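Accompanying notes for the structure given below.
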Amino acid sequence: MGYLLEETLSSNSKTPIVIDDDNELGLMAVRLANAAAFPMVLKAALELGVFDTLYAEASRSDSFLSPSEIASKLPTTPRNPEAPVLLDRMLRLLASYSVVKCGKVSEGKGERVYRAEPICRFFLKDNIQDIGSLASQVIVNFDSVFLNTWAQLKDVVLEGGDAFGRAHGGMKLFDYMGTDERFSKLFNQTGFTIAVVKKALEVYQGFKGVNVLVDVGGGVGNTLGVVASKYPNIKGINFDLTCALAQAPSYPGVEHVAGDMFVDVPTGDAMILKRILHDWTDEDCVKILKNCWKSLPESGKVVVIELVTPDEAENGDINANIAFDMDMLMFTQCSGGKERSRAEFEALAAASGFTHCKFVCQAYHCWIIEFCK
C-alpha cells in the first residue's frame, strides 16, 4: 500500500510522490532501461580527458572546476561553444554514480562545479605503469568492434554459432586483431591487470626461489616487468605471438620470445597464465596447460591469474556482478571463452596432469591460483 510523501523539488514548490513497492520497482526498471547512457558517457569523458583534468587539479589544490574551466584545460580544446553546457550534463550523470563530486553552483561562475572522486585514479590514462588503468578497457569494450558483436547475441542464442565471427566475417578475436592495427593497439593497452599483479605481490610469495619465469601469452610483457622489478634475480621470458610482441617495450631481465602456446612453450621453473584461460574453451585450455606441464620441472607450477565465478548469483554482490559481466564479455567476444568456478579450475588442472590446484589469494577481482605439477 502506498503513501504520499511531500518532497521539495525546487525552492518554490512541493510535489506529492507516491512511495510503495511498485513505485520502487518501476524506478529500478526505468534505470535498467536507460542503463546504456552511463557507460557511453564514461567512455566519452575518458576520451576527452575529463578525469585526468579533474584529477590533476585535485592533486594540486583539491579545488572544484566549472565545466567552462574543464573545457579550457582538456587536451583538445573544444571548438563547440556549447561544450561547457554539454560537459555539465555529462558530469552531473557521473556525479550521480559517485564518480565525480558535484559542488554547489558558484555565484561568481554561474555554473555547477566538479571535483574528482578517489575512484577516478583507476581511470587515468597516464596511470597504467603506476596502478594500472581501466580507461582503455572502457574504450575497448565500447569500441564499434565489440559493439557490433553484442548485436549478434540474440541470434547466437537462437541459432548457435559465434557472436564475434558473425559480426566480423567469420574471424575469431585474435585473428581479427592481426588485421586491425588500430584495434590491436588499443586492446593491448588495457592495463588494469598490472594493478592486479602489483596488489597480489603485496602478499603472494610464490615467485621466491624462481630462476626462470615464463609468461605464457604475456602480451607486451608488462606483467614480467612488474615481477622482475621485485625479484631482480628472475630471468623473465615473455612468450606470445609475433603480432603481440611487435608493440612490446624492453624491460630489465625480460626476454621477448615469439611462438604459439598451442604448439609448445619455453621451459622455465614456473609459468604465468594471466587472464589467458578465460579466452578459450576447456579443450583449448587443456592443450595450453599440457604444453606448460611438459616444459616445467618436477616441482614446477603454473601461476594462474583469473576471475573465479561464485556458485550462486547473489543479489547485490559486487564480485558476482563483475564475474557475470566478464563472463558475458567472454561469451560474446571470445569464441568459447568463459569465466570459471573453483570446481572448473580444479577440473582443468586434473585434466592437464597437475597434481593439485591451490587458490592462494585474491587481488581486486582476480584470484592467484597455483597449478602444481
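Using N, Cα and C of the backbone, Cβ positions are placed for all residues, glycine too.
Going through K208, K230, K274 against Swiss-Prot, the one listed in the S-adenosyl-L-homocysteine site together with G217, D240, D260, M261 turns out to be K274. Between the candidate binding-site residues, D240, D260, the densest Cβ environment within 10 Å is the one around D240. In sequence order, F239, D240, A244, M261, L273, K274, I276 are the residues of the chain that are 6 or more apart from G217 (S-adenosyl-L-homocysteine binding site) and have a CB within less than 8 Å of its CB. DSSP assigns D240 (S-adenosyl-L-homocysteine binding site) to a strand segment in the three-state reduction.
Cβ-based crowding with a 10 Å cutoff singles out M261 as the top-ranked of the recorded positions M261, H278.
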